[in-house]
Each structure stands twice: as C-alpha cells, then as structure tokens.
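TrEMBL annotations:
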- 190-199: compositional bias 'Basic and acidic residues' (COMPBIAS)
- 200-225: compositional bias 'Acidic residues' (COMPBIAS)
- 22-140: domain '6-Cys' (DOMAIN)
- 247-384: domain '6-Cys' (DOMAIN)
- 190-226: region 'Disordered' (REGION)
- 1-21: signal peptide (SIGNAL)
Amino acid sequence: MKRLLLLALLHLVRQQLPAHAEEHICDFTKEKYLLGKNEKEYCVVNAKPFDSVTFICPKKIGAQCFQNVNTLDDISADKMESSKLSIDVLLYGSTLYGDTLLISPTVKQSTTFYCFCNLQMEDLKKYLKKRRLTKEKENAKKKSTVNVNDLKNADEDMEVVVPEKQIDEHLVRALYRVKKIRNIIEREKNKGEGDKPTNPEDEEELVIEEEQEEEDGEGDEEDESKVEKIITKYGIMKVVVSTNNTITKGCDFGNNVVNYFSKPYPVERYGGSKVCRIEAKPGEFVGFKCIYDNQGTVEPHNCFDKVFYEGKETDLQTLMPGYISYGNKQKGKYAFYLKLPHFVQHSYTVQCKCRSTVHQYDDYVFELAVEGGESDIVAKSFQE
C-alpha cells in the first residue's frame with residue numbers, strides 16, 4: 001500500500017513540475033555529420049516550452065547561437081546577418097548556460113529558429129582522432145579499477161577491470177594495413193565496374209582506421225581525396241518550439257504588461273520602492289527577470305542557489321533543501337526560475353537583487369516570501 005501511495009505521489013509531483021522537460025542535443029562533432037555526404041547536414045529539434053537545447057559545433061557561424069539566433073534557413077552571408085535576432089526578443093524569458101538554451105516556460109506563438117555550423121575540416125583525420133582520444137580519456141576517468149583478487153570491500157556498483165595481455169603494436173598495425181589495402185582494392189574494383197560501394201560504412205570505417213597508424217604513402221592520396229569531398233559542409237540545427245500561454249508567478253522588472261510573469265514592475269522614475277514581493281507556497285514555480293542590460297548582474301551571484309536572508313548571503317539549500325533553480329550564474333540579463341520543494345519546514349523571506357550599469361535600472365529587488373508547510377498536491381494525495 002505504501003509503495004502504491006509513493007508511486008501515485010511521484011506521478012502527481014512529476015505532473016506538476018514545469019521542470020519535467022526534455023533535453024535536446026545537436027552535436028555536430030559526431031562522425032555521422034562530419035562524414036555525411038550532404039552539403040547541409042540537418043539536426044531537427046521539436047521542443048516544448050522549458051525544454052533545453054544544446055548546440056555543439058566545431059565552428060559556429062551566423063548568429064553564433066544562443067545569445068542571438070537566425071530566423072531563416074539561408075547560408076548566404078548577407079541572409080545570415082539580416083536574419084539575426086536576439087533570443088530575448090524571439091523567446092522572452094529564456095535562459096542561457098554556455099552552449100545550452102533553456103526555453104522560456106511561456107511561448108506565445110510557435111517559433112522556428114536556426115543555428116549554423118561550419119563543418120569544413122582542414123584535417124578530418126586529426127580532428128576525429130583527437131575527439132576519439134578525448135572521449136576515451138573521459139570514459140577511462142569514469143571507471144574505478146579494483147584488484148580482482150581482493151573484492152571483499154568492493155562497492156557492488158563498482159566496475160571491475162581485468163588487465164588485458166600486452167598487445168603487439170606492430171602486429172596490429174600490419175593487420176590494419178592489410179585490411180586497408182584489401183578495402184582499397186575492393187573499392188577500385190567496384191569503380192571499374194561502375195558500381196558504388198555496397199556498404200557506405202566501409203568508407204567511414206577506412207577513414208577511422210587510418211587514424212590508428214602513421215601516415216602511409218599508399219593511403220595518403222586516397223584519404224586526401226576523401227577529405228576534399230567533405231570540406232565544404234554546413235551543419236544546420238533547426239529548432240521548432242511549440243506554444244504555452246501559462247504565466248509564471250513572479251516579477252518582470254521594466255515591463256508594465258502581464259505577458260510572461262504575473263507581476264509586471266515598470267521602471268520606477270519617482271524614487272519609490274524597487275522591491276517586488278511575491279508570496280508562494282511549497283511546490284510552486286516562481287521566477288523573475290531583471291531589466292535588460294547586456295552588462296547587468298544579479299546579487300548574490302548564483303541566485304537562487306544563494307540568496308539574501310535576514311540581510312546575509314545564505315545557501316538556499318540550508319533553508320529549503322530539495323529546490324531546483326535555473327539561471328545564468330554570471331549574467332543578469334536572462335530570467336531566473338525556482339521550483340520550490342514540496343516540504344518547507346518554516347516560513348522564509350529571501351531576496352535577489354538586480355544590478356545594472358544604468359542607474360534607473362539598478363537595485364531592483366525580487367523578494368520571495370515562502371509559506372512553511374507542505375504543498376497542496378502532497379496534502380491532497382494523503383487525503384485520498
């Protein structure tokens with residue numbers, strides 16, 4: 001019975017979480033894009049509000065996503081420049097984390113944008129080899145080695161790595177060379193018969209295998225011809241965002257219309273209060289956005305992980321363990337969001353402050369008063 005109750009509670013919590021969203025990744029360093037045959041290699045993302053989108057690219061071009069994005073699928077230089085648009089204009093209330101965009105929870109109309117990547121490689125072999133070695137090192141760091149003769153104190157989740165016998169590198173290299181020559185002969189034979197290779201993956205495999213050995217006179221000419229075929233390439237990420245008209249409980253400094261946050265807070269021009277107060281209960285989702293300033297910041301840094309409580313900078317984890325925060329930790333021009341935990345032991349009032357290089361935009365305060373107790377969704381689940 002307890003298990004069923006917990007499962008039901010978990011389901012209800014997941015339904016309420018705006019943070020329960022998808023992560024989308026377009027990684028143009030992958031071989032399927034670098035070795036693809038098309039001039040334009042596409043990665044299409046269908047995203048919902050509050051999904052995250054990550055754009056990994058060897059060399060960004062165009063709008064240099066995500067501070068700006070392109071609104072047209074056109075790789076000409078003039079169109080990439082003319083279709084450039086700030087993400088704050090296109091998807092107001094979104095947040096950036098390096099190469100990742102957290103889409104605003106409120107999207108008024110379906111939106112499509114593009115990010116462009118130059119996949120031209122002067123030395124594809126070298127790039128793929130470096131990438132593969134980097135991944136191997138990362139994977140190696142994740143592994144924990146244990147002496148197979150002494151497993152008494154080993155963690156049951158720990159991976160046991162059994163040392164392998166020493167491999168003869170000269171023998172391996174010779175085998176690679178034989179296989180490479182065999183593939184080349186087979187390919188030449190197919191060309192003579194006017195046929196395409198029966199398995200397109202053979203060409204990809206050949207390029208990757210040649211990374212394993214030193215440059216070889218017989219293979220260089222063949223490999224160079226392959227590199228030439230793919231050096232003029234574009235990676236294009238197309239992102240289609242669906243709509244959601246839900247208004248976030250919170251403060252929108254510098255705005256006087258309820259479009260994205262429940263409490264717009266116009267610029268104060270007459271010396272009045274700059275404090276916007278929001279009252280919330282456990283389990284609720286809140287947020288705020290400072291007036292846009294490209295050089296703006298938020299105090300304390302790392303809001304909401306750190307907040308002002310009773311005049312002192314405090315870790316929110318010590319007050320409300322179990323919260324989830326979203327926000328750019330260095331810049332204050334993007335929105336900040338907080339998912340309150342479903343249990344809060346006491347009532348607390350915490351603050352974050354918007355700082356700006358523009359005097360009239362400076363010192364606006366987001367004040368959050370959280371009521372102690374449990375969330376409505378938890379209380380109702382125990383009544384049923």
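For all residues, glycine too, the Cβ spot is worked out from N, Cα and C.
On the 0 to 100 pLDDT scale, the model's mean across the domain '6-Cys' (247-384) is 93. DSSP places the residues of the domain '6-Cys' (247-384) in helix, strand and coil in these numbers: 15 helix, 59 strand, 64 coil. Each residue in the domain '6-Cys' (22-140) gets a DSSP state, and the totals come to 31 helix, 41 strand, 47 coil.
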